[in-house]
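For reference, TrEMBL has these:
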| type | residues | note |
| --- | --- | --- |
| BINDING | 410-417, 457-461, 511-514 | GTP binding site |
| COMPBIAS | 78-102 | compositional bias 'Basic and acidic residues' |
| COMPBIAS | 103-114 | compositional bias 'Basic residues' |
| COMPBIAS | 115-126 | compositional bias 'Basic and acidic residues' |
| COMPBIAS | 131-141 | compositional bias 'Pro residues' |
| COMPBIAS | 142-187 | compositional bias 'Basic and acidic residues' |
| COMPBIAS | 196-206 | compositional bias 'Pro residues' |
| COMPBIAS | 239-249 | compositional bias 'Basic residues' |
| COMPBIAS | 250-275 | compositional bias 'Basic and acidic residues' |
| COMPBIAS | 287-296 | compositional bias 'Basic and acidic residues' |
| REGION | 51-316 | region 'Disordered' |
Amino acid sequence: MAKMRVYELAREIGMESKELLTKIRQIGLEVKSHSSMLSEEEVAIVRQKLAGASEESAVGQSRPKVIRRRARPQEPPAEEKPEKPVEEARVVEGPPKVEPKPRLKLKIIRRPKKKEREEAPPEKAVARAPEGPPSEAPTPKAPEEAKKIEETKAEEPKPTKPEPTKPRVVDMTEHREYARVVKRAEPQAKVVKKAPAPPPKGPRPAAPVAKAAPQPAPVEEKGKKKSKRTVEGLELGAPRKKTKKRAARPKSEVSELKEGLELLELERELEKAPLEEVASEGMPSEVTEHPEAPKEKGKKGKTKEAKEPKEAPAPPKVVKKKIKIYESIQVGELAKQMGVKAPELIRKLMELGVMATVNQSIDYETAALVASEFGHEVERAGIQEEDLLRYEPPKPEELKPRPPVVTVMGHVDHGKTSLLDAIRKTDVVAREAGGITQHIGAYFVKLEDGREIVFIDTPGHEAFTTMRARGAQVTDIVILVVAADDGVMDQTREAIDHARAAGVPVVVAINKIDKPEANPERVKSQLAELGLVPEEWGGETLYAEVSAKKRIGIRDLLELVLLQAEVMELKAAPDRPARGRIIESRLDRGRGPVATVIIQEGTLRVGDPFVSGYHYGRVRAMFDDRGKKLKEAGPAYPVEVLGFSGVPQAGDDFIVVESEKVAKEVAEYRERKLREAEVARAGKVSLEKLFERLKESEIKELKVILKADVQGSLEALSEALRKLSTDEVRVNIIRSGIGAISESDIMLASASDAVVIGFNVRPTPKAKELANQEKIDVRFYDVIYNVVDDVKKAMVGLLEPTYEERVIGVAEVRATFKVPKVGVVAGCYVREGRLERGAKVRLLRDNVVVYTGKIASLRRFKEDVKEVAAGYECGVGLENFNDIKVGDLIEAFELVEIKPEL
Ligand SMILES: Nc1nc2c(ncn2[C@@H]2O[C@H](COP(=O)(O)OP(=O)(O)OP(=O)(O)O)[C@@H](O)[C@H]2O)c(=O)[nH]1
């Protein structure tokens with residue numbers, strides 16, 4: 001045994017240096033301080049003295065904490081003490097005494113190893129068994145001393161670390177599990193740390209924990225899961241005396257939880273502490289349960305923590321949807337799409353200066369503006385159609401020659417129909433088929449050599465202009481028919497203009513050359529003047545002289561048409577989905593909507609889905625102009641198509657699409673677009689419109705409901721009344737009809753402040769009653785002149801009257817008098833006209849108006865008079881005016897209403 005300093009020995013035996021110092025002094029050894037060196041003998045003496053009281057307690061010294069815990073609450077009956085320490089001493093002492101607890105041995109062996117691995121200060125091991133041979137270490141100590149020593153050790157936990165043994169059986173499985181639990185418990189350890197470490201009263205702080213722990217669990221049995229809660233339990237449930245230590249401990253212990261071994265020791269301590277210590281303190285049973293509380297709380301808390309991030313509602317994400325708007329949108333619809341209330345939207349619109357009701361439509365720009373106020377984006381719809389009907393022009397290699405499409409135009413009776421008939425008769429197919437044809441608005445002609453020409457046989461002018469009005473250009477060539485005997489007429493010129501505007505070449509057919517009075521040369525010169533210079537005259541226009549009636553020159557005409565077509569190099573791509581134009585359409589009673597389509601590109605097949613204007617469908621069947629059923633039709637061919645959802649209009653497009661669904665979508669989109677555009681036109685609200693309305697409101701309007709016996713009278717009356725409208729007053733006939741004046745007429749009049757005029761008609765008894773009730777002005781006439789006269793008067797009544805000032809008299813002020821309680825009274829002489837009491841007057845001084853008001857009093861010889869004529873004197877008092885001076889003129893006047901005139 002070597003020399004030791006007091007504090008070293010104190011550390012070794014687990015006492016406070018100060019305490020040991022006292023003991024040493026009591027023994028009679030001289031030591032100055034805790035750092036004084038003790039000789040080997042002195043150390044031995046001290047050890048002996050300290051351990052002398054009890055051999056068992058000296059053995060138990062190696063497990064001071066355990067001894068402390070078990071001994072303290074039981075307030076040692078001396079005979080009990082040896083039992084447990086003995087058991088533990090066996091463990092410490094090693095193999096000879098471990099038979100009863102073999103597993104315990106295993107554990108004990110392992111633990112120090114682990115600790116050594118983790119903390120591994122050899123000094124600590126030395127501290128645990130400082131003197132090497134085990135026989136020296138367990139120096140016998142008095143029980144009191146032993147108790148003190150263990151208490152000291154409790155205060156200085158470090159040296160006790162190497163002594164984590166406990167008579168509890170913990171196998172490795174449990175140990176591993178424990179480590180897992182510790183890990184799981186970590187978050188809660190933090191919670192414990194945060195908790196105020198030294199609770200003012202032992203059990204109290206545990207209460208909230210206990211609250212959260214309704215399920216008490218046997219502490220001993222739940223070793224694995226209770227580590228944290230027992231830490232808390234120790235802290236909270238420890239006896240007051242120990243509170244300080246315990247309170248201080250958890251912090252450090254908790255921080256060391258991860259280190260493993262210390263935790264295990266703690267676990268054991270805590271397992272017992274609540275039970276034993278709490279019992280010794282007489283803690284209420286509910287509080288005794290608290291060690292479980294953290295478990296439950298911890299579990300729940302942890303679960304909560306784990307769940308919370310998942311369950312925490314994400315911040316409300318405002319999904320602002322893009323609003324698609326076509327040409328316009330109804331206010332109500334826009335509000336719905338934005339998810340705002342209509343009044344809110346209307347209010348916002350008003351702020352923007354747009355007055356609109358919920359049913360009115362606003363245009364795209366206004367909608368975009370107001371939507372942006374609500375944070376919405378607006379997108380102009382329509383791209384969809386473009387996408388769905390995306391068109392790629394054919395490549396040159398796809399193109400193949402196609403027949404020309406020809407329209408015949410000309411002045412009335414110049415022989416268009418006759419010419420088309422004559423041409424048709426040249427058709428070999430028609431001839432072979434026996435000439436049975438049907439009118440489908442177009443047909444094609446095949447010549448003997450196989451060349452073909454497609455003719456649009458709808459009245460040329462109409463078809464051509466209708467198509468053009470719809471942006472369709474179907475015709476390649478125009479045949480202009482001019483009667484040789486009649487020459488160029490109005491519609492001839494019009495046709496030329498149309499053809500020229502469309503950039504369509506003209507082939508002239510001078511018709512009726514069979515007629516004796518025919519003069520083709522004159523026609524040529526007339527047309528040359530209009531720019532259609534014949535080739536033979538050096539121009540570019542092809543001329544044919546024909547007789548439709550006699551079928552002369554028809555073939556030459558067709559040759560010229562084909563020549564023209566050749567020059568134009570008309571081509572189309574046949575191998576692609578068909579596109580065309582509607583030439584004619586009708587609703588067939590048996591077959592439903594039927595339309596003639598000129599295919600401009602691609603090949604149309606039965607079953608093809610298509611869209612056409614606002615309609616769509618699938619080709620149910622196809623026929624040519626001879627009624628022959630077709631399975632397919634190529635470019636330039638006119639075919640009659642069945643399978644439309646509705647009747648399309650001439651000039652509408654006809655596009656084969658990938659599916660009927662797409663076709664429907666496009667058709668519906670178009671219809672909606674049309675509807676919106678119509679609504680917008682009718683009720684579009686914009687600033688301009690608003691100003692327009694304001695302006696309109698300045699115009700007076702006489703609303704009239706007109707009922708007459710016959711249509712002729714009604715029309716004559718309507719016309720006469722409308723003519724009465726001026727810039728200031730307008731006659732608005734809100735309803736006109738034949739027959740008796742009905743209740744409905746009266747109701748309308750009542751609702752719109754109108755007058756009812758009955759011409760040779762009377763109201764029904766009920767209408768009469770209603771008119772009386774509603775105080776409606778109903779007038780009856782049998783002479784149109786009287787109606788016009790009265791309406792004129794009524795219109796005059798609507799005009800604001802104008803007033804003209806007229807002077808009625810002038811008086812000269814010759815003297816002034818002050819009259820008490822009255823004021824200044826002027827003594828006047830009426831120079832002209834008269835003065836009237838109460839009349840409006842002006843007071844003029846040097847021709848300047850100094851007062852305008854009324855005559856308050858008019859007297860003559862102290863008597864009130866109504867008026868004083870020229871040449872008489874009188875006393876005049878002016879209303880609220882006393883500054884009258886001699887020489888002033890009093891001018892009396894009146895305002896005369898000037899009747900308005902139309
Ligand atoms: N002599 C003679 N008469 C003709 C010729 N072509 C047409 N007619 C007559 O001219 C008249 C009008 O002929 P249409 O073919 O109806 O003339 P259109 O231009 O179609 O007349 P609208 O349909 O009214 O515009 C008829 O009486 C025909 O018989 C012709 O080549 N010679």
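Cβ atoms here come from the backbone N, Cα and C positions, even for glycine.
Predicted automatically and left uncurated, TrEMBL annotations should be read as such.
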Just checking: which of the binding-site residues Asp413, Lys416, Ile513 have a C-beta under 6 Å from ligand 1? Asp413, Lys416
Gly410 (GTP binding site) CB neighbourhood, other CB atoms within 10 A: 26
Other CB atoms within 10 A, centred on Asp413 (GTP binding site): 12
Within 10 A of the CB of Ile513 (GTP binding site), the number of other CB atoms across every chain shown is 22
Near the Cβ of Lys416 (GTP binding site), how many other Cβ atoms are there if near means within 10 Å? 24
Should Gly410 (GTP binding site) be counted as helix, strand, or coil on the basis of DSSP? strand
